[in-house]
Every structure is written in structure tokens, then in C-alpha cells.
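Q: Submitted below is the structure of interest, expressed as C-alpha cells.
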Amino acid sequence: MCVILLLCCVSAALLSCEAAVVRYEVQTVRVKEMAALPDDHWAQYDETVFERGRGSFVSGYDDAPYFEPMNISSPFFSRDSVPWHISSDGFLAPTPSPLCGFFCSDLAPDTLFGHYQFGSAIYGGGGDWPMIGLYVADLNPSVARLSPSVRVHGVTGAGGVPGYERVTVEYRDVPLPACVAPRDTLTAQVEVWANGTIVMRYRQIPACGRASVGLVLSKDERVVATAAPRPSGIAAIRYDPVLDVCAAFSSHSACASAADSCGWCTATGTCVATLLAASCCPRGSFRTAPPSSLAGSDFYAVAVEQGAELVRLASLRGHVRVVPAGQSLQLDMGFEFPFYTRDQASHLTNTTHLLSSGLISVFSSTQRCGPIWNVCPDGNYTFAAMPFVTAELWGPGTSITYLRLPERTEADVLCEQPRCPPGFVVEVANTSSFASFARSSTYQVYLDASGAVEFRYGLPVAASIASSSVLGFFAFPPPFVGLFRYRVEDPATVIIPPSLIRTGTRVRFFPTGRCNDCGRHGKCDPATARCVCEAGFSGDGCERCAVGYYGPECLLCRRCRNEGVCDDGVNGTGVCKCREPFSGVDCAVRCEGPFDCSHCNPRGGYCECGKCRCDAASGWGGADCNVADDPCWRHSFDGCEVCNKDTRNGCAFCFDGMCYSTLLRDTPNAHACSYPVHSGDASRCVPAVQMEVRWFDWGYVAVAGLCFSAVLSVLALLVLAPIAVRARGVHDIHHAGAAGGAPDRRRGRRRREVVQAVLVQQGAHRGGHTHVLGVPLRQVPLAKLYESQRQGPS
């Protein structure tokens with residue numbers, strides 16, 4: 001009873017201070033109920049907002065490039081304090097940077113823009129950007145009848161408390177482009193209180209279009225009021241926060257004795273409600289009672305604190321500033337950096353690779369996880385230090401500065417305990433988002449020879465739009481923060497909840513030195529620091545296969561008969577090596593004919609009397625069993641719904657449009673998919689549309705066309721050749737190509753022609769200059785003329 005009374009008192013005290021929200025209690029008032037309410041009821045529309053409020057600059061935009069600060073902060077789900085900003089699309093955001101430069105919607109199934117609108121469904125439910133959703137739709141305040149159409153009004157608190165007690169934002173007669181009727185506009189207001197209370201009121205709602213109403217922080221933290229608001233439906237909604245009362249207990253002992261619903265987070269040094277543990281405490285750091293063993297603490301202890309500034313690398317001697325030419329940068333640290341190990345030589349490196357997606361790949365130049373938009377949304381990362389990993393890249397404004405630190409005898413900002421080992425610090429400033437210029441994160445990573453890792457954070461947005469010196473880091477796809485060993489589900493992977501990351505956050509990973517890496521098939525015994533391997537594995541780090549086991553997964557060899565021997569070992573194939581004349585999968589077949597199968601791929605099948613028998617279960621096919629043959633590939637063009645129904649082959653549909661078999665995982669033929677698509681995700685599960693095409697042999701058309709062209713050419717030659725000959729004045733076709741001097745036998749005239757001739761008397765020119773001109777007095781028939789010519793002298 002005393003404990004209950006204590007919790008009630010603490011709960012009352014927390015109403016005026018910052019604490020995370022465990023849940024919201026929601027009250028809804030419908031239009032038909034408004035007439036019976038008193039004038040001072042919280043659901044009554046506040047007319048003073050539009051009359052006294054100032055105009056917001058987002059009124060002049062269809063899609064505002066950045067959001068206007070409201071100058072008020074409040075707790076919001078697992079975030080103890082969120083500064084709010086006004087958008088042009090009917091919602092308030094905790095950051096001045098939008099998710100993208102337009103009303104965010106994944107227009108195609110192969111994009112990662114995310115959705116502003118949301119629903120309650122797990123898959124395809126949207127809600128990819130944190131917000132207070134008053135009426136989330138593609139609004140256009142710039143063409144509203146009244147200007148400014150978005151106004152803000154703040155009310156200060158009583159008793160001289162600095163800052164606003166509450167701030168109200170109103171959208172007045174804002175049209176929705178999807179609606180054509182003049183009265184289909186939005187008039188509504190949202191009221192945010194500093195204690196976390198949120199009130200939404202509606203005066204007029206468009207009768208067309210689609211909108212979302214509710215609160216969203218993440219896929220798991222949301223309250224959806226409705227996805228289809230109607231004019232005659234909801235008049236007002238009130239969200240009252242139920243705060244985390246555990247935050248009032250400042251010591252581990254007080255937290256442990258307070259209630260079963262509280263637990264102590266060693267990383268942050270705070271008492272946290274059990275319901276908020278996954279969102280407020282790094283993996284492996286939350287405990288409700290002293291644990292017997294904790295997998296996450298076998299390698300690193302974590303400390304998270306706020307208020308730490310970035311190290312000013314530019315003021316330190318020896319710093320190097322580079323402008324990245326690509327999307328990765330090799331970092332030569334100058335010392336051996338241990339990662340996830342106690343003393344294994346295989347886990348030391350002096351070279352790492354910085355990738356533009358926001359991580360340091362420790363032992364390899366890339367992450368072979370099938371990235372999409374430069375990120376692997378399923379967390380398929382291995383051996384990586386990840387300060388802030390999401391869909392981002394290095395743009396023209398990105399700069400990288402790094403500094404090698406020698407061994408130091410005194411403590412400094414990056415090393416609290418002298419003597420400090422050699423270290424390396426790198427800063428990435430002004431990364432770029434795929435969808436919005438305003439999202440531009442800055443962070444630092446420190447590594448040293450002891451194995452310590454530290455992250456520090458600057459601004460998550462472009463400095464030109466920063467509304468506060470402290471802003472939270474938000475991104476889509478949801479970011480990964482922490483140290484990864486083998487994928488996100490590995491218990492030794494240390495994950496930092498993104499809700500802890502903001503400007504001034506410092507995350508420090510201290511190596512415990514208790515264990516070496518035992519791989520995915522072994523566990524470390526902290527008492528002896530030795531690896532306890534699963535069946536089939538052996539070695540100091542469980543990196544080898546025991547005798548009689550083969551392959552990367554150390555599978556059990558089959559029993560080989562007739563003195564056959566299994567090809568075991570981590571690089572073995574598991575195939576029975578048979579003595580002649582025996583063959584077959586287990587050397588049980590006696591061969592009377594051919595025996596040699598040297599052309600067969602031993603990893604893809606086995607030999608049986610000179611023939612290759614392929615292992616279809618492992619995805620092999622072909623005459624020599626060297627062809628990858630995933631049985632699910634044939635469903636790729638049918639879409640994810642058909643693909644996911646093939647459970648016999650373990651088919652799954654990937655974001656990249658490939659249907660693949662999950663049974664082939666960890667085999668050479670496995671498909672690297674970083675974003676599996678669930679059949680319930682309507683925005684992603686879109687079947688490929690194939691147009692029906694009738695087959696036609698165009699060879700016949702080609703032959704017919706050639707024949708027709710030949711006939712036209714012959715006809716053209718027969719018609720044009722005589723015309724060309726006559727145009728050149730050639731009367732004998734043989735003369736056209738004859739040598740010079742050949743006779744030209746002109747054809748006789750067939751018709752009457754008018755000719756002109758000059759008749760000169762013989763001898764008239766002798767000694768004189770007299771010319772005689774003869775003109776025929778009458779026309780002479782040609783036949784008579786020809787007859788006269790024949791009878792005359794030649």
C-alpha cells in the first residue's frame with residue numbers, strides 16, 4: 001500500500017517536469033456531442049488563435065522546404081523532451097527538417113522515401129516520420145482564401161515560469177489539391193502543452209481525399225485516431241500522457257525496490273519503466289534484478305550522457321581535412337585496433353573503412369549485406385562501428401576531418417584515465433539525405449588501441465535551419481546506432497536506441513576484456529575466458545569444424561560406406577570420397593562402367609558412376625552441378641504474394657524484386673536480401689505486371705519486304721531508264737556506252753517538225769561579202785521531201 005501511495009505522489013510531481021511517456025489516454029468528442037458541452041470545455045474551438053496569432057511562413061508554401069519552430073517542447077512517447085515545428089501539411093514535427101522535399105509517399109515499390117500518412121497496420125502502416133498528426137494530407141496553404149492561412153498563438157504560464165505553457169497552431173480554410181469543391185478545405189487547430197498534453201479540434205474537414213490523425217514516433221510507438229476523418233465525425237481529440245514515474249528514482253537501489261514495472265539502465269544511470277526499456281536503454285544495459293550473465297557485457301560496457309560537445313579537431317595540430325571523392329574512405333589509424341576480442345590476433349586491424357551510410361567497417365572495405373539506397377534495413381551488418389546508419393550519402397558539402405593521436409600521459413576529453421593509448425578520431429560533417437537537403441547529420445567517432453569506441457553528435461540538420469542548439473536525430477529507414485558483431489539479432493551486438501541520440505550525446509563503449517569472439521556458434525565463459533562451442537564446432541574461437549563435420553555451418557557428415565571418407569572441415573564439401581569401383585552419395589553403388597567424375601562441382605552434388613547428381617536442396621543444378629538454381633526465382637515476376645505462398649521452398653520476396661529461398665541461407669547460392677517484403681505490406685507487395693504478347697515470326701515479313709522491294713526496283717529501272725536516255729539525247733542505246741567516234745545512227749523522223757536553215761549559194765563568199773537567205777514559201781510534205789532526197793544525187 002505504501003508503494004502505491006509513493007507512486008501516486010511521484011506521478012503527481014512529474015506532471016510539471018520532463019519524463020518519457022509510457023502511454024496516452026485518449027478522449028474523443030464527436031460533432032453531435034458538442035452542443036451539450038460548456039463553453040469552457042477543452043473541446044470547444046479556440047477562436048482567439050486566428051484573431052491574435054501570428055502568421056507562419058509555411059503559409060506561403062505548398063510543401064515547405066523546412067519547418068517553423070513553435071518555441072515549445074514537451075515529452076513525447078520515449079523522448080523526454082521534443083521541440084515542435086510547424087509543417088505545411090497538417091502536422092507538427094520534432095525537427096525543422098522534413099522527411100523529404102515533397103509530401104512524402106513511396107511512389108514506387110522500389111523507393112525508400114517513406115510515408116507521412118499512417119495507419120495502425122504493422123506492414124504498410126506508414127508513419128515513417130515522427131509527428132503530431134492533426135490532419136496529415138497533401139495540403140496547399142499557399143492558395144488558401146485567407147492569408148496567412150496558418151497561424152500560431154502561444155500562452156505563457158502562470159507564476160512567471162519562463163516559456164510557453166501551451167502553443168496552438170491553426171490551419172484556416174486550407175485547400176486540399178485532390179478536392180475540387182470550394183468548401184472542401186481544412187479548418188482545424190492543434191494545441192500542445194509543455195506537460196505533454198495534446199488537443200486537436202476540427203471546425204471543417206474536406207469531404208474528399210484521405211488523411212491521417214494521431215501521434216507517431218516510430219513503428220512501435222504510435223496512437224492512431226483515424227485514417228479516414230469525415231466532416232460529421234470527430235470534433236475534438238485529447239491525448240493525456242501517462243508519464244514514466246520510474247524516472248523519479250535516482251539510485252539503483254531505490255529503482256529496484258520501487259515497483260516491478262521499473263528497471264535500472266546502467267548505460268544512462270536512470271530508472272526506466274519496463275515498457276520503455278527497448279526504447280530508452282541500450283541492449284544489455286537494462287536490468288530489473290542482478291543478472292547471472294549478460295551477453296552484451298561480455299565485450300563492452302556502455303555509457304550514454306548528454307551535453308558533450310564535439311571535439312574541435314580543426315584546432316588540434318596534425319588534423320587532416322579531406323573532401324570525399326567517392327562513398328568510402330580508407331582510414332589508416334597507425335596502431336592495432338582490437339574489436340570484439342580479448343587477445344585474438346585475427347581481430348586486430350590498423351586499417352578500417354569509413355562508409356557514407358554512417359558506419360566504420362572494421363575488417364572489410366564493404367558490407368556485403370545487399371544494400372538498398374546505401375543501407376541494409378534489416379541490420380545485416382558484421383563487425384561495424386555504427387554512429388548513425390541510414391539512407392544517406394556524401395554530397396558536395398560533406399567534409400571529413402581526422403586526426404591520429406599519439407600515446408598521452410595525461411587525460412583529455414577523449415580519454416578520461418591516464419595513461420592514454422594511441423587513438424584515432426574522425427568527424428563526418430554535413431552528410432546528405434536522398435530525399436531532403438535539410439537533413440544533414442554531423443558526428444564524430446573515436447577509436448583507440450585499448451579497443452574503446454566513442455560517438456559524439458553535432459547537428460542532425462543543415463546549420464542554416466537549425467531551430468535549437470539541441471535537436472534529435474531522426475531518419476528513414478530507422479537508423480542503426482551501436483557496435484555490430486554478427487547482424488542485428490546477435491546477442492553480442494550492442495544497439496543504442498535512436499531516442500537517446502541528439503545534439504550533445506556522447507556514447508562510450510568500454511571493452512571489458514572478458515572474452516574472445518566465439519563466433520556465431522560459441523559462447524564465452526567469462527569465468528575462464530574460453531569459448532564453449534556448439535556441437536560440430538571446435539577451435540579457440542569456434543572457427544573450425546570438429547572431425548566428421550563440414551562447411552561454414554559445420555554440418556554433420558553422412559556415413560560413407562565401403563571405406564569412403566567424408567570431405568570434412570570448414571572448407572569441406574561433405575561429399576563422400578569413394579574408393580573405386582564404388583560411387584554414389586554414400587559410396588554404396590558399385591560401378592561397372594565409367595567411374596571418373598572430376599568434372600563435377602563437389603560442392604554442388606556427388607558422383608555416381610561418371611554422372612553428376614546435383615544437390616537441389618542447396619540450389620545447385622546443371623550438367624556439372626555448377627549452376628545456381630534457386631527454386632524460388634521463378635516467382636519473381638509474380639510478386640510477393642505468390643512468392644510468399646511457396647512455403648515448401650521457403651520462398652521470401654525481397655525489396656529488390658527477387659523471390660529467393662530462405663532455405664539457402666548461409667550457402668554459396670543464398671540471395672543477399674537486406675529488406676524482405678511481407679505479403680501484408682500493400683505498398684511493397686506489388687506484383688509485376690506483364691503484358692500478354694502474341695508471338696509472330698517477323699522473318700516472313702522481312703522476306704516479303706525484300707521481294708516487294710526487288711519488284712519495285714525493276715519497275716523503276718524500266719520506267720526511268722528510257723527517260724534518262726532521251727534526256728541525254730541518245731538515240732541508240734549502244735551509243736551511250738560506246739567509245740568516241742562511233743556512229744550515231746539517228747532514227748528517222750516520225751512527225752513533222754519546224755526547222756530553221758540558212759541557205760548559202762555556192763561560191764557566194766568568194767571575194768565578196770554577200771549573204772543569201774532562203775525562206776521556204778510553203779510547207780512541203782515530209783514524204784515528198786524524202787522521196788526527192790532519195791532520187792537526188794548522193
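Each residue, glycine too, has its Cβ placed from N, Cα and C.
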Q: Identify the disulfide partner of Cys587 as annotated in TrEMBL; candidates are Cys578, Cys591.
A: Cys578
Q: Over the span of the domain 'EGF-like' (511-543), how high is the average pLDDT in this prediction?
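A: A mean pLDDT of 88 is what the model gives the domain 'EGF-like' (511-543).
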Q: Using Cα coordinates, what distance in whole Å links Cys533 (disulfide bond) and Cys587 (disulfide bond)?
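A: Cys533 (disulfide bond) to Cys587 (disulfide bond), Cα-Cα distance: 31 Å.
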Q: Within 10 angstroms of the C-beta of Cys542 (disulfide bond), what count of other C-beta atoms is obtained when all protein chains are considered?
A: 24
Q: Is Cys542 (disulfide bond) helix, strand or coil when read with DSSP?
A: coil
Q: Counting across all protein chains shown, how many other Cβ atoms sit within 10 Å of the Cβ of Cys578 (disulfide bond)?
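A: Excluding its own Cβ, Cys578 (disulfide bond) sees 26 Cβ atoms within 10 Å.
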Q: Would you identify the secondary structure of Cys587 (disulfide bond) according to DSSP, in three states?
A: coil
